[in-house]
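K.L.:
Taken from TrEMBL, the feature active site, proton acceptor covers A:Asp128. Feature annotation from TrEMBL assigns ATP binding site to A:Gly11, A:Arg72, A:Ser73, A:Gly102, A:Asp103, A:Gly104, A:Ser105. Feature annotation from TrEMBL assigns ADP binding site to A:Arg21, A:Ala22, A:Val23, A:Val24, A:Arg25, A:Arg155, A:Gly186, A:Ala187, A:Glu188, A:Arg212, A:Lys214, A:Leu215, A:His216. Here TrEMBL flags A:Asp103 as Mg(2+) binding site. If you look up TrEMBL, you'll see A:Thr126, A:Ile127, A:Asp128, A:Arg163, A:Met170, A:Gly171, A:Arg172, A:Glu223, A:Lys244, A:His250, A:Leu251, A:Gln252, A:Arg253 marked as substrate binding site.
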4 protein chains.
Amino acid sequence: MQRIGILTSGGDSPGMNAAIRAVVRKAIYHGLEVIGIKRGFNGFIDGDMEPMRLGSVADIIHRGGTVLHTARSEQFKTPAGRAKAWENVERFGLEGLVVIGGDGSFTGASIFHREYGLPVVAIPGTIDNDISGTDYSIGFDTAVNTAVDAINKIRDTATSHERTFIVEVMGRDTGFIAVAAGLAGGAESILIPEHPFSIEEVCHKLCKGYRRGKLHSIIVVAEGAGSGLEIGKQIKERTGFDTKVTILGHLQRGGTPTAFDRILASQLGARAVELLMQGATCKMVGMAAGKIVETDLDLVLGQKKTVDLDVYRLASILAI
Amino acid sequence: MQRIGILTSGGDSPGMNAAIRAVVRKAIYHGLEVIGIKRGFNGFIDGDMEPMRLGSVADIIHRGGTVLHTARSEQFKTPAGRAKAWENVERFGLEGLVVIGGDGSFTGASIFHREYGLPVVAIPGTIDNDISGTDYSIGFDTAVNTAVDAINKIRDTATSHERTFIVEVMGRDTGFIAVAAGLAGGAESILIPEHPFSIEEVCHKLCKGYRRGKLHSIIVVAEGAGSGLEIGKQIKERTGFDTKVTILGHLQRGGTPTAFDRILASQLGARAVELLMQGATCKMVGMAAGKIVETDLDLVLGQKKTVDLDVYRLASILAI
Amino acid sequence: MQRIGILTSGGDSPGMNAAIRAVVRKAIYHGLEVIGIKRGFNGFIDGDMEPMRLGSVADIIHRGGTVLHTARSEQFKTPAGRAKAWENVERFGLEGLVVIGGDGSFTGASIFHREYGLPVVAIPGTIDNDISGTDYSIGFDTAVNTAVDAINKIRDTATSHERTFIVEVMGRDTGFIAVAAGLAGGAESILIPEHPFSIEEVCHKLCKGYRRGKLHSIIVVAEGAGSGLEIGKQIKERTGFDTKVTILGHLQRGGTPTAFDRILASQLGARAVELLMQGATCKMVGMAAGKIVETDLDLVLGQKKTVDLDVYRLASILAI
Amino acid sequence: MQRIGILTSGGDSPGMNAAIRAVVRKAIYHGLEVIGIKRGFNGFIDGDMEPMRLGSVADIIHRGGTVLHTARSEQFKTPAGRAKAWENVERFGLEGLVVIGGDGSFTGASIFHREYGLPVVAIPGTIDNDISGTDYSIGFDTAVNTAVDAINKIRDTATSHERTFIVEVMGRDTGFIAVAAGLAGGAESILIPEHPFSIEEVCHKLCKGYRRGKLHSIIVVAEGAGSGLEIGKQIKERTGFDTKVTILGHLQRGGTPTAFDRILASQLGARAVELLMQGATCKMVGMAAGKIVETDLDLVLGQKKTVDLDVYRLASILAI
């Protein structure tokens with residue numbers, strides 16, 4: 001193996017740059033060449049690719065976003081798009097590909113591998129943490145800390161009236177960020193897609209808390225569980241409590257990555273290069289049970305990962 | 001003068017604790033006693049008051065919120081409520097009062113002074129910065145930094161498509177936070193109550209930016225200029241751009257105060273005590289032209305402060 | 001079991017409050033009473049103890065330090081001191097004890113258990129992360145992020161000359177913080193007690209980096225591997241490079257705990273209560289292989305934990 | 001006027017990028033061309049210069065350091081060096097120069113203006129804040145907040161023993177950072193070059209504080225007032241207190257600039273361009289009495305700015 005490509009795809013997540021740095025430097029350390037592919041599969045199709053050197057990844061480990069840029073590619077979902085990408089594989093002499101992204105990107109990579117046989121190693125990079133085969137995906141820890149920081153600040157605003165704060169966090173299909181941020185932030189309620197809830201129940205809990213003397217309540221809502229503004233409106237209607245809503249939105253995707261995300265990204269990136277050198281064909285690297293491991297990419301894609309409900313219940317017990 | 005009272009009122013703002021600490025310690029330093037009044041004018045009416053010592057304000061300079069708690073008081077707007085407060089003035093032997101808060105709180109303090117003659121010094125504490133007689137109110141600098149930090153994080157999320165980010169910040173009647181955060185954050189557009197705008201114009205500017213090669217645009221909206229979600233919807237309808245909305249909400253009121261806010265609070269708190277000792281009757285302390293100054297409170301209440309449009313225009317020029 | 005005690009001991013670490021909150025609330029949830037013991041074993045000896053309620057731990061999850069205060073106790077090392085503590089166990093009716101701290105505190109707890117039979121569960125709380133039986137101790141993640149944040153800031157200071165920055169971090173006997181912060185911060189060299197090094201070698205690497213075009217080099221030094229100032233002096237003498245030293249010191253012990261530390265603390269605290277209720281006699285809770293586990297406390301005390309040298313080498317490879 | 005040059009020189013400070021962005025965009029807005037000069041006066045001498053466009057300063061407003069890099073130039077102190085720089089002025093057709101830096105850089109600029117007549121406008125960019133003619137220099141607010149953040153973290157480490165923390169901050173000749181950070185951080189003592197002190201006095205104050213019940217004391221030392229480690233040693237010898245030292249060093253020069261520094265930088269940068277267009281010959285822009293003002297550069301260089309001792313005394317009163 002002499003030359004590999006690397007791209008970031010889908011929604012970006014903090015720590016992707018640390019993963020790129022690890023792939024590039026580990027590869028060069030072992031005598032490989034690395035071609036950086038810009039704008040995800042779009043750059044792969046367009047040939048927007050160029051060699052990366054040691055210096056290309058200097059001073060990026062602490063930056064949010066991705067120096068390779070990212071995109072969602074409709075064209076790569078078509079056979080014609082992938083055929084063009086294959087031309088670039090041949091043109092640039094790539095013998096392996098590292099793909100950093102989430103589910104959608106991995107599906108594309110897997111199909112491409114099946115069709116053209118290019119060895120592929122995937123690195124999970126998404127703040128949603130909804131990829132099976134790994135306990136953590138790159139960016140999740142940073143996104144959770146961003147949400148927790150917001151909850152901290154909201155907690156500061158002292159009040160003498162019943163007041164309810166709602167913080168809407170990302171998570172269309174899963175409540176990973178909501179549960180972790182809610183537990184770490186000491187939220188009174190956490191609303192997630194995986195667990196049914198009724199507004200009555202939420203209001204009942206709020207009222208109980210205020211009767212016990214709580215000055216304020218914080219409710220964390222995963223966007224997939226409902227709109228923060230809508231839930232706030234319903235709570236106000238039912239309880240009369242003053243309800244204030246914060247929607248974090250895309251700021252959860254940014255920020256300088258935490259140490260955890262950078263270390264994870266560094267380890268996964270280095271392992272991805274090792275796997276390609278050892279002849280892996282279609283794998284994902286991840287961290288499971290505290291160790292860096294690999295899984296067949298197709299196995300990853302066939303499984304759904306959901307929130308640990310024990311942790312969810314713990315958050316509820318500790319917020320009594 | 002032997003004994004003064006202190007309360008925080010209205011919406012809380014970061015740095016109020018630093019002001020409380022300054023008032024208490026400066027007063028004790030000069031041999032005065034200080035009575036802390038809880039929950040704003042409500043505690044004043046209810047007699048929820050107790051002596052503060054040097055240690056009462058230890059280790060609070062860096063905390064958001066206010067150790068005296070705060071509230072909006074409907075009762076203090078009635079003669080009966082104020083009569084009850086006066087009883088507590090007599091009961092606790094107060095010869096002066098320091099009120100930390102915003103416009104509404106100052107109006108209450110001014111009426112109370114007129115009716116009962118208690119010397120009052122007001123300290124401007126509101127993130128909105130909409131109080132005249134001072135260039136900065138306590139908490140504004142912190143709130144702006146919180147908003148700028150959010151913009152930083154959003155700026156990180158790299159994109160290859162036209163994408164527009166909207167950040168809704170506080171400011172019901174004025175655009176101080178929006179203009180400062182927008183200028184400091186390098187926002188492409190800033191929408192404020194003081195300056196009329198049309199969605200057409202905003203969309204036109206967005207399209208021009210993208211044609212020039214901008215990868216993303218950030219629009220800061222003061223809540224008083226419109227709803228971030230609504231504006232986002234309209235932009236999407238007109239331009240087709242992917243539009244993402246962040247609503248910061250009450251997290252702008254929290255957080256550890258910046259050095260600027262703590263120093264300002266310390267200086268204003270100390271000056272407030274000096275003024276009471278020197279026989280002031282109804283003043284506000286503030287910072288104007290880089291100096292700590294005092295103004296008649298009624299003069300402050302009669303004036304409206306609006307955003308400096310030169311700064312607003314500068315933000316626009318620098319974001320071309 | 002009806003009543004348990006809880007104390008924090010030794011050097012404090014961020015997240016201890018989250019652990020206290022978890023112990024108190026989990027215990028109350030199961031109908032137990034909790035007695036908070038102040039100032040570590042000193043308060044245990046002096047009877048400086050009082051009941052904790054749900055509200056005692058409200059709004060502390062995000063605070064650094066420990067609301068129970070901590071201390072190192074010379075007196076508890078003596079049989080006389082422990083006898084006095086036993087009197088307080090009887091006086092307060094304690095049937096179990098949760099000790100949050102490090103090695104030294106655990107040794108005291110273990111001896112006390114052996115002498116008097118009081119069931120004890122230990123929770124690892126130390127930024128040094130040098131306790132075996134757990135992959136992470138509470139506070140480590142926060143301390144590493146603090147060190148990484150310092151490295152980020154140093155990385156910003158652009159230079160055109162050869163310049164070397166040294167960051168001295170905590171770690172008297174182990175290099176856990178240094179290795180994690182060095183890897184996450186992209187440091188050029190990491191000096192730790194577990195791995196011998198020579199100044200010649202360090203200087204050689206520095207010179208090689210500058211010849212390759214590096215604008216600056218960052219060296220992370222665990223305090224146990226040498227004095228940052230001394231190493232800086234030696235590097236300057238040998239290479240002539242301008243060398244700047246930062247000593248982080250105790251600021252690594254403070255700060256608002258990260259989400260990771262709060263979640264870990266919450267899980268360990270809750271598990272500690274469960275273990276006491278299930279009849280554990282002398283255990284430590286920890287996180288190993290991604291799971292919450294328990295280990296005999298004496299086993300923990302008999303083992304030494306050192307840095308994973310694979311991670312150390314990875315940091316070196318990625319910083320070429 | 002058609003073309004101007006811009007350079008950053010001396011020690012870097014956070015916010016320099018915001019100033020560069022403002023100069024470039026304001027100039028282009030008015031139809032001027034801007035040449036960016038790399039590595040301070042060194043690049044001026046070497047002709048390491050290139051045109052800057054709107055996009056050259058995109059996404060830099062939030063970055064520490066300076067995209068133009070900076071350096072101290074020995075060569076520019078010689079007539080030969082300046083003669084070479086003049087050749088580049090002619091080669092690139094510069095009709096004006098913006099210099100961002102401190103005292104040393106301004107001296108060079110002033111001499112160059114006197115010798116060759118090139119119009120020069122200086123922008124004060126140094127964390128030390130020791131430049132007269134302006135109340136604030138770019139980077140000072142950020143550096144103070146960095147120091148205050150360190151003090152916050154140290155304040156968290158609860159203790160039950162007498163313990164003294166020393167934080168050494170930058171400031172070789174002046175105590176601006178020390179006084180601002182000490183006041184904002186609630187430090188018990190602040191040691192600065194402008195104000196004589198004796199260790200006896202410092203120890204006396206420490207002992208008095210502990211007798212009054214203070215759990216810890218924080219002493220902020222400007223590097224120009226003595227070595228933190230040395231002062232710590234002396235305090236320990238005299239009082240027996242456990243003394244812990246933090247040396248912030250160069251991390252004070254980095255970090256993302258605060259909103260205040262970015263707004264100041266934006267205003268000063270824009271004003272510098274206006275001044276050049278209006279025919280200024282040798283000025284510095286600054287902020288005085290809350291307004292953007294200009295001063296003759298030679299007047300600035302002839303004056304010494306020292307700390308406001310009233311603020312210094314206030315810090316002392318509030319830390320009783």
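Note that Cβ sites are derived from N, Cα and C of the backbone, with glycine treated the same way.
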K.L.:
Quick check for the class: what is the C-alpha distance, in angstrom and rounded, between A:Gly104 (ATP binding site) and A:Arg172 (substrate binding site)?
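P.N.:
Cα to Cα, A:Gly104 (ATP binding site) and A:Arg172 (substrate binding site) are separated by 14 Å.
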K.L.:
Of all the recorded positions given, A:Asp103, A:Asp128, A:Glu188, which residue's CB has the most CB neighbours within 10 A?
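P.N.:
The residue with the densest Cβ neighbourhood is A:Asp128.
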K.L.:
Going by Cα-Cα distance, pick out whichever of the binding-site residues A:Arg25, A:Lys244, A:Leu251 is nearest to A:Arg72 (ATP binding site).
P.N.:
A:Leu251
K.L.:
For the binding-site residues A:Met170, A:Leu251, work out the Cβ neighbour count at 10 Å and name the residue with the minimum.
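P.N.:
Candidates: the binding-site residues A:Met170, A:Leu251. Fewest Cβ atoms within 10 Å: A:Met170.
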K.L.:
Of all the recorded positions given, namely A:Ser73, A:Gly102, A:Asp103, A:Ser105, A:Asp128, which is spatially nearest to A:Gly186 (ADP binding site) at the Cα level?
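P.N.:
When the Cα distances are compared, A:Asp128 comes out closest.
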K.L.:
Just counting, how many other CB atoms are there within 10 A of the CB of A:Arg25 (ADP binding site)?
P.N.:
26
K.L.:
Against chain C, with Cβ pairs under 8 Å, which of the binding-site residues A:Gly11, A:Gly102, A:Gly186 show up? Give them in sequence order, please.
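P.N.:
Filtering A:Gly11, A:Gly102, A:Gly186 for a Cβ under 8 Å from chain C leaves A:Gly186.
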K.L.:
Go through the binding-site residues A:Gly186, A:Glu188, A:Lys244, A:Leu251 one by one and keep only those whose Cβ is less than 8 Å from a Cβ of chain B; report them in sequence order, or 'none'.
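P.N.:
Cβ contacts with B, in sequence order: A:Lys244, A:Leu251.
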K.L.:
Using DSSP, would you call A:Val23 (ADP binding site) helix, strand or coil?
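P.N.:
Once the DSSP labels are grouped into three classes, A:Val23 (ADP binding site) ends up as helix.
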K.L.:
Find, among the binding-site residues listed as A:Arg72, A:Arg172, A:His216, the one whose Cβ has the highest number of other Cβ atoms within 10 Å in the structure shown.
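P.N.:
Output for this query is A:His216.
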K.L.:
By CA distance, which of the recorded positions (A:Arg21, A:Val23, A:Gly102, A:Asp128) lies nearest to A:Leu251 (substrate binding site)?
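P.N.:
Of all the candidates listed, A:Asp128 is nearest in space.
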K.L.:
Residues other than A:Gly11, A:Arg72, A:Ser73, A:Gly102, A:Asp103, A:Gly104, A:Ser105 within 8 Å, Cβ to Cβ centroid, of the ATP site?
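P.N.:
Close Cβ neighbours, site residues excluded: A:Ser9, A:Gly10, A:Gly40, A:Gly101, A:Phe106, A:Gly108.
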K.L.:
Can you give me the Cα-Cα distance between A:Lys214 (ADP binding site) and A:Gly11 (ATP binding site) in Å, rounded to a whole number?
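P.N.:
Here the two Cα atoms are 38 Å apart.
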K.L.:
Near A:Gly11 (ATP binding site), which of the binding-site residues A:Arg25, A:Thr126, A:Arg253 can be found within 10 Å, Cα to Cα?
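P.N.:
Checking each Cα against A:Gly11 (ATP binding site), the hits are A:Thr126, A:Arg253.
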K.L.:
Determine, to the nearest whole angstrom, how far the Cα atom of A:Ser105 (ATP binding site) is from the Cα atom of A:Thr126 (substrate binding site).
P.N.:
11
K.L.:
List only the single closest residue to A:Arg253 (substrate binding site), chosen from the binding-site residues A:Val23, A:Ser73, A:Glu188 by CA-CA distance.
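P.N.:
It is A:Ser73, whose Cα lies nearest.
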